[in-house]
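Features as listed in TrEMBL:
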- 1-27: region 'Disordered' (REGION)
- 33-55: transmembrane segment (TRANSMEM)
- 75-93: transmembrane segment (TRANSMEM)
- 205-224: transmembrane segment (TRANSMEM)
- 258-277: transmembrane segment (TRANSMEM)
- 289-312: transmembrane segment (TRANSMEM)
- 318-336: transmembrane segment (TRANSMEM)
- 365-378: compositional bias 'Polar residues' (COMPBIAS)
- 365-427: region 'Disordered' (REGION)
- 408-427: compositional bias 'Basic and acidic residues' (COMPBIAS)
Amino acid sequence: MDSAVSDPHNGSAEAGTPANGTTRPPSTPEGIALAYGSLLLMALLPIFFGALRSVRCARGKSSSDMPETITSRDAARFPIIASCTLLGLYLFFKIFSQEYINLLLSMYFFVLGILALSHTISPFMNKFFPANFPNRQYQLLFTQGSGENKEEIINYEFDTKDLVCLGLSSVVGVWYLLRKHWIANNLFGLAFSLNGVELLHLNNVSTGCILLGGLFIYDIFWVFGTNVMVTVAKSFEAPIKLVFPQDLLEKGLEADNFAMLGLGDIVIPGIFIALLLRFDISLKKNTHTYFYTSFAAYIFGLGLTIFIMHIFKHAQPALLYLVPACIGFPVLVALAKGEVAEMFSYESSAVILPHTPRLTHFPTVSGSPASLADSMQQKLAGPRRRRPQNPSAIYEESNPKDPAAVTESKEESTEASASKRLEKKEK
């Protein structure tokens, strides 16, 4: 996971030394300000709209639309998994040819980018379709096994409008695959970021603190302690970062002197900000105090990152500044309002929103949204166990009688059996 703000051609080791050996002219102050301002704006868009869409996602009418929920166990393991992935990519680039690795990754992100961009633009495109548009439903289903052992591998439902969005996204995908243009890269990067903020949900504030705290240490170590993250970010030709040219004013769209921002610096704080928006809604006060506070904290933290990077001419771990700001500002507001207990006791998955089934238990292992929904439905549909009762008590409940009546019935049955025996002997 790339999680650093970098200015690779303005003060770092490669500054002014392009691949052809010629000296790169220094960026103008106007170009640098335009690049940094554009990166800041592009980072804010997926956080703001992704947070709003995360609320609608939680209010989904069907359980299959439920997002992935990150538990405290997942949050604790994530920095370790991210470190192993980052180190593995670094070793791959050192051992194998960078050209072939990037070709394989380009094909992989080509498919993912088309799907992510299609899902991003679908709500906007639906407004442009006429009312009489022939919209048909389709389903892509892959199963494994047969009979009772049949297991769903892929179950994707879509319609004609989704196919139109896929077609438009494929045009951007082919453009990125052939040209690796920075605009196509940013379109895919923005789509990945918005989908991440929308579909990845923290279950509570404590989990968010664990995740942000772990990645706070992760980011500092891999940026300041080694050159691994910066090397991977520069070698990795995939839309895992947003870039903007600092020489756009001089060279136009063919500019190549880029400042970049890793998607991790957008998605990780973004899912925490989205959690605070859902917390605001759960308070039912018609205010979004914690959302706007954390959003302003993100602007402050990222702006401070860019300022320090520009002063010291070195790539900065953005989470070093974003984590204290995004956690500290909302906690201070909660202290001032006396709502710290409510904030840390809030469970995002336990809030009953309209059309949303309530989850009281999450599996200990992570899975797809469909698997989480299936496990919930099985628990809701399962028969209720009743306490085993004494057979005599059941008999007494179904046949309530007076003790004297029970004795009389026994005597009557005894006399009847004795008379039958006498009749048999006489015969």
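Placement of Cβ uses the backbone N, Cα and C atoms for every residue, glycine included.
Keep in mind that TrEMBL annotations are predicted by a computer and have not been checked by a curator.
Predicted, not measured: the structure shown is a model, and the values here were computed from it.
Count of Cβ pairs under 8 Å against the transmembrane segment (258-277): among 33-55, 205-224, 289-312, 318-336, the largest is for 33-55.
Beyond the ends of the transmembrane segment (205-224), by six or more residues, the same chain brings 3-4, 70-72, 74-76, 78-79, 82-83, 86, 230, 264, 268-269, 271-272, 275-276, 279, 315-320, 323, 326-327, 343-344, 346 to within a C-beta distance below 8 angstroms of the stretch.
Here the transmembrane segment (318-336) has long-range neighbours at 3-5, 208-209, 212-213, 215-216, 218-220, 261-262, 264-265, 268-269, 272-273, 276, 289-290, 293-294, 296-298, 300-302, 304-305, 308, 342-343, meaning same-chain residues at least 6 beyond its ends whose C-beta is under 8 angstroms from one of its own.
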